[in-house]
Amino acid sequence: MNCIWPLHLNSSWIIVVTLMFSFIAFQCCSSFVLISTETKIHQAWVTNEYAEAQLHDIVRRMRARTEAYKEKLTDALLSSPEASPTACKEEEEAKLEEDHYCDLWCYKFKRPALKKYLKIIRLPESIDAYTDHYYVVWLLLVTIAYNWNCWFIPLRCMFPVQTSSNLFYWIIIDILCDICYLCDLLIFQPRKQFVKGGDIIVSKIEMKEFYQKSLKFRFDLASVIPFDVLYVFFGFNPMFRANRVLKHNTFFEFNDRLEAILDKAYIYRVIRTTGYLLFILHINACLYYWASDYEGIGSTKWVYDGKGNMYLKCYYWAVRSLITIGGLPEPQNLFEIIFQLLNYFLGVFVFSSLIGQMRDVIGAATAGHNYYRSCMDNTISYMNTYTIPKMVQNRVRNWYEYTWDSQGMLDESELLEQMPAKMQLAIAIDVNFAILNKVDLFKGCDTQMIYDVLLRLKSIVYLPGDFVCKKGEIGREMYIIKQGEVHVLGGPDSTKILVTLKAGAVFGEISLLAAGGGNRRTANVVAHGFANLFILDKKSLHEILVHYPDSKRILMKKGRVLLKEKGKTTDGPNQQARGLASLFGPKPQTPKLFRALLGNSSKGGIGMLLKLKIKQANQEKKPDPEEKKPKAEAEPQTPSEQKEEPLANSQPLPNSGLHRGITNKSLIVTMSPSTTAGEGEILTVEVKEKKQE
C-alpha cells in the first residue's frame with residue numbers, strides 16, 4: 001500500500017500538469033490564431049497606407065483638440081487651441097510640397113510646382129505694354145516668326161525650294177513659329193493691362209475677358225488653327241499655313257512699342273518702309289515665277305528662261321517691272337498682256353504710296369532742322385534789309401549754329417509748353433535740380449518752392465566776349481552757369497580777371513532780393529567762350545515767395561549775411577537804400593518841410609530860431625545896464641558886448657534875439673530848389689526890419 005499510493009499520486013500530478021500545459025498551449029494557439037486572423041482582416045481592410053496614416057493623424061488631432069477644450073473648460077485663462085493662420089498656411093505649403101513628390105520605379109523625386117516655374121522665368125501677373133521692355137523683346141520674337149511665315153510661305157508655294165531632303169528642317173522651323181504663336185495667345189496677351197474709364201485694370205479675369213472680346217483675339221485664334229494636319233491627306237503643301245499671316249496685329253504693335261522707346265525712331269521708320277518695298281517686290285517675283293511655270297519655263301521670250309538663279313532672275317524682273325524702268329521683253333499672248341498690265345497698275349499704286357510715306361518719314365525726321373534753317377534765313381534777310389554790320393551778322397550766325405548744335409532746338413520752352421505742368425516739373429527736376437540745389441542761397445528753403453523756381457528758369461546762350469552784366473547796371477537777375485566759363489573783371493580799367501567761374505557757379509544772387517531800384521553791379525562779367533546760363537529774374541522770385549513766407553524769411557537772413565560779407569553798408573540817412581537793405585521794408589521818407597526845418601544851421605531854419613530863443617531867455621535874466629548907468633555912452637564897452645555888436649548888425653539873420661512885444665522886425669520863410677541834385681527844396685528863414693511909412 002505504501003508503495004502503490006506514491007505511484008498513484010505521482011500519476012495524478014502528471015495528469016494534472018499535462019492538462020494544465022495542454023490548456024495553456026490551447027490558449028496560446030487560440031490567441032495566435034486570433035491575432036493572425038485580425039492581422040489578415042486588418043490587412044484586408046487597409047487598401048492605402050497613405051490614407052491610413054492620414055486617418056490616424058486626424059484621430060490624434062481630434063483627441064488632442066478634445067483634451068485642449070476640456071482644459072479650457074476647467075481653466076478659463078488658457079488660450080484658444082486653434083492654430084494661427086500663419087501656421088495653417090505653412091502646413092498647407094508643406095503639404096503641397098509633399099504632394100509634388102513622384103514615384104518612379106523604386107525611386108522618389110520631387111517635381112517643382114508650376115508656380116515655381118513661373119517664378120523662375122519671372123512672368124509677371126500683368127504686363128504694361130508701354131513700359132515693360134521684356135514684353136517688347138517677346139514681341140520681337142513673335143514678329144520674327146510672323147515675318148518667316150510672310151516671306152517663306154509664298155516662296156515655298158511658288159518656287160521649288162521645298163524638297164524631300166530639306167523637308168525636316170522646314171517642319172522644325174514651322175513648329176517653333178507655331179509655339180511662339182501659342183505662347184503669345186495663351187500666356188502674354190491675356191496678361192496685358194488695359195485702361196477702362198481712366199483706371200488701369202490689372203485683374204486677371206478682366207484682362208482675360210477683355211482680350212477674348214477683342215478683334216485681335218479672333219485673328220490670333222484663326223492664325224493658330226492647325227491646318228497642317230491636312231499634310232496627311234494632301235502632302236506637304238505650304239499653302240495650308242497661309243492662316244499664319246493673320247498675326248499682323250502683333251507685328252504692328254511691335255512697331256509702335258519699338259518707336260516709343262527708340263531715341264531716333266525715324267531711322268527705324270525708314271528701314272520699315274524699305275522692308276515694305278522689298279516684300280512687295282518679293283511677292284511680285286513669286287507671282288512672275290508662277291506665271292512662267294504656268295506658261296512653261298522658257299516657252300516664250302517673256303517668261304523665265306530657266307537659266308541662272310531662278311529667284312534672283314525673277315526678282316530682277318519684278319524690280320524692272322514695278323518701277324517701270326522698261327527694257328523688258330514684250331508679252332506674247334493674252335495671259336502675259338493681262339499679267340503685265342496688272343503689274344504696271346500695281347507698281348504705280350504701290351510706289352506712289354511708298355514714296356509718299358518715305359517723304360513723310362524723312363520730312364518728319366528733318367522738320368526741326370528745316371525750322372532752324374528757316375529762322376536763320378529770315379534773320380539774315382532782315383539784317384541785310386536794314387544794313388546791319390557784318391560783324392553783328394557773324395555773331396548772330398554763330399549764336400544760331402551753337403544753340404542748335406548744343407541743344408538741338410532754338411528755344412526749349414516751346415517744347416515744354418506743350419506738356420502739362422506736372423510733366424514740365426518732372427523734366428525740369430531731372431535736368432536742372434542738381435544745379436539749383438548747389439546754390440547756397442536756396443539751401444534750407446521749401447522743396448516745393450525750389451520746384452517752382454525750376455519752372456521759371458530761362459536758358460540763354462552767350463557768345464565769346466559777350467558781357468553778361470556790366471558794372472553799375474541795376475541787377476534784376478541771378479545767373480547759374482550751366483555750361484562754359486565766365487570771367488569777373490575788375491581793376492582800374494576793368495580789364496583784370498579777378499576770378500573765373502565755371503559750370504555750376506552762381507553770381508548775382510543778391511540782386512534777387514533787392515528792392516526799390518535794385519542793386520547795382522560791382523564788376524563786369526564776360527563770357528570766356530560759349531556760355532549757357534540759367535537766368536532767374538527778380539519778378540518771378542517775388543511772385544513765388546508770396547506763397548512761401550518761411551522760405552522768404554530764410555532768404556532774407558541769408559541775404560543779410562551775404563550783404564555783410566561783401567561790405568555793402570549804407571553811409572547816411574539821405575543815401576538811397578541799396579542791396580539787401582530793402583529786406584526790412586522801405587523806410588518812409590521825411591516830409592520835405594521838416595527836412596528843410598531840420599537842415600544845417602548855415603542855411604537857416606528852425607534850429608537857428610531855437611538858439612535865438614534860448615539866448616533871449618538868458619538875456620532877460622540879466623539886469624538892464626541902462627537903469628543903473630544912465631550915462632552908459634561914455635563908458636567903454638565890455639569884450640562881450642564887442643562880440644555881440646557885429647552879430648547884431650550882421651545880415652540876413654540878426655543875432656540879437658527876438659524881443660517880446662511890438663517890434664519893427666518881420667520873419668520871412670521861403671522855399672527854394674536846391675542847387676545840389678537829389679536834395680529837393682530848401683526852406684530859408686530870414687528876419688528883416690519893416691520899412692517905416
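Backbone N, Cα and C atoms are what each Cβ position is placed from, and that goes for glycine too.
Annotations in TrEMBL come from automatic prediction, not curation.
On a predicted model such as this, the values are computed, not experimentally measured, just so you know.
The compositional bias 'Basic and acidic residues' annotation in TrEMBL covers 618-634.
Among the features that TrEMBL reports, compositional bias 'Polar residues' is placed at 663-677.
Each residue in the domain 'Cyclic nucleotide-binding' (441-553) has a pLDDT score, and their mean in this model is 83. The domain 'Cyclic nucleotide-binding' annotation in TrEMBL covers 441-553.
Taken from TrEMBL, the feature region 'Disordered' applies to 565-587 (among others).
Feature annotation from TrEMBL assigns region 'Disordered' to 616-693 (among others).
Residues annotated as transmembrane segment in TrEMBL: 12-35 (among others).
Sequence annotations record features per position, and here TrEMBL assigns transmembrane segment to 135-155 (among others).
The feature transmembrane segment is assigned by TrEMBL to 167-188 (among others). Residues 123, 127, 135, 138, 141-142, 145, 148-149, 156, 217, 220-221, 223-224, 226, 228, 236, 241, 244, 247, 250 of the same chain sit 6 or more residues outside the transmembrane segment (167-188) yet have a Cβ under 8 Å from a Cβ within it.
Annotation comment: TrEMBL describes 217-236 (among others) as transmembrane segment. Here the transmembrane segment (217-236) has Cβ contacts under 8 Å with residues 162, 167, 170-171, 174, 178, 181-182, 184-185, 189, 211, 243-250 of the same chain, all six or more residues outside its ends.
According to TrEMBL, the feature transmembrane segment maps to 266-290 (among others).
The transmembrane segment annotation in TrEMBL covers 334-355 (among others).
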Same-chain residue ranges lying at least 6 outside the transmembrane segment (135-155) that approach it to Cβ under 8 Å: 127-129, 161, 173, 176-177, 180-181, 184, 188, 238-239, 241-242, 244-245, 247-248, 250-251, 253-254, 257-258, 261, 279, 282-283, 286, 311
